[in-house]
């Protein structure tokens, strides 16, 4: 047996047991998993049963590679941590369930409701129409209280609820006779000044009410104002234009409206899902339902992103502690992947800036957010304060902002400029373990999944208009990442080992896209419209890199006067007064090796004021600086070749390379050997 390529696993049914090659090690549990022999006893479990790091195999107890924080505990599996406060809370957080083993019986407080499974919830959550207990017992045997609302009902001052046709009938129906006021029954208030109503006055047997024509609503119980239907995010698929008597829907550039459903559909190539499956990166074509392995024989892939225009994918692998990349081309020749950034101990998420050609990532060990150029030569720590467990990250170079989730204590979702400035908190309440985060750049909303609360939620990019899309212990058992395309949200679930999809506005149309996965983590949509083109303000006909000596990063566009970019120096260094050059107090270190240049030609354009420098101050970098940098680079390269753990990994994948009535994103045969020659 081998890797499952059909979503239901039928491609591996009835197959003979595989035999590992001479240079491979066969895992104990099942006999269908083979790993390179040089991965055995290297301190990292690669077999699902951890047999490659077992006492019998290595002669010593497995090395604990996962280090938990001060407020965390280690699951029995040894490869994940959970918050101490989640121990014995009735909700499984460890995949092996060890956080809920040997738990004492719980006693709920007087203000709490005890679920049948022993878990406690706040009493106000009982019978609120939402399943808060894992077993759903908080919504059993609920009785709806008569609130005496709606047409045809009258609430007596003494508390009774009577039919409105009993009001002013000269009979006592309320204990206090409040249904029979002597001076108000059968008085037509609309005869005087239209009752004060701006449009329609409707007389009632007792009092009166104001009403509005279609397209309007009452603002202050008397005055009608135009209804802004566009305040509802789901009223239109993409763009909503409010009109005097209604609204109209439009689609963004590159999309066209489906006349049957009103959904804005992408024009161009077929969209695909790319997702990680620990040892490989897989592709699922959404229209053809075609499922292939794109890159295989990886160590432990945890994060994924792409530069669509350059046909490159990037991923973080905690095996080699590196961020790597590979080109995706239409040829059938092997394409070698390259290390872009080394010394990445615990990456949580990565996000590619496709306009300024940088890559951003979070690191939970360093408790930092970092950035590097796509060639890996320039690298910098952007944020390293008030970060506990930074997880996923998403950048928007069009606006100059980045967004990230942090499931430390306290958990939150934040945003800041892509230069590390103007940091803001977006979500700080009713949030426990926010994992995946995704931007809906058309609707200007941030989506996230919470694996502790089992919720999919969204908020606008300023932290307002928060909405819960849906809650489900079944389909959001342990969600890790998500992505948005058209009107659909896709997410991976680690516990269910599956990829799901649903309507991004309502949570309806729930579907299982792919299942029978192992340790699935990150997911993205691969399509040219995911990354809209924009101007790189760091590139101009009169300058390169914005005149910056080191990194040129987009600045957050808060208003029309905001600077377009910011020059940044290596860690430990600072800018000179001209805002371009570095003082030289730090040391720029090349962290990687690459032979490819990711620079592309950019359209010319003027700079705006602010942090962006004055072109009159620009000077060319001296020859001595270039020579010194080159010398340091080759010294580092020689050191890396001597010390790097050899990875001799290759795979020959060439399925489904022909097009079927569409222009598809190019795919290729990919070899995953490090290109160190």
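Placement of Cβ uses the backbone N, Cα and C atoms for every residue, glycine included.
Ranges compared are 571-592, 593-614, 615-636, and TrEMBL records region 'Disordered' for 593-614. You'll find the Cα of residue 133 (disulfide bond) roughly 13 Å from the Cα of residue 108 (disulfide bond). Taking a C-beta cut-off of under 8 angstroms and a sequence separation of 6 or more, residue 88 (disulfide bond) has the following same-chain neighbours: 99, 100, 103, 104, 106. Spacing of residue 174 (disulfide bond) relative to residue 127 (disulfide bond) is 30 Å (Cα to Cα, whole number). Taking Cβ-Cβ distances under 8 Å and a sequence separation of 6 or more, the neighbours of residue 120 (disulfide bond) in its chain are 90, 106, 108, 109, 112, 113, 114. Rounded to a whole number, the distance between the Cα atoms of residue 115 (disulfide bond) and residue 142 (disulfide bond) is 14 Å.
Applying an 8 A CB threshold to same-chain residues 6+ apart, the list for residue 115 (disulfide bond) reads 90, 121, 133, 134, 135, 137, 138.
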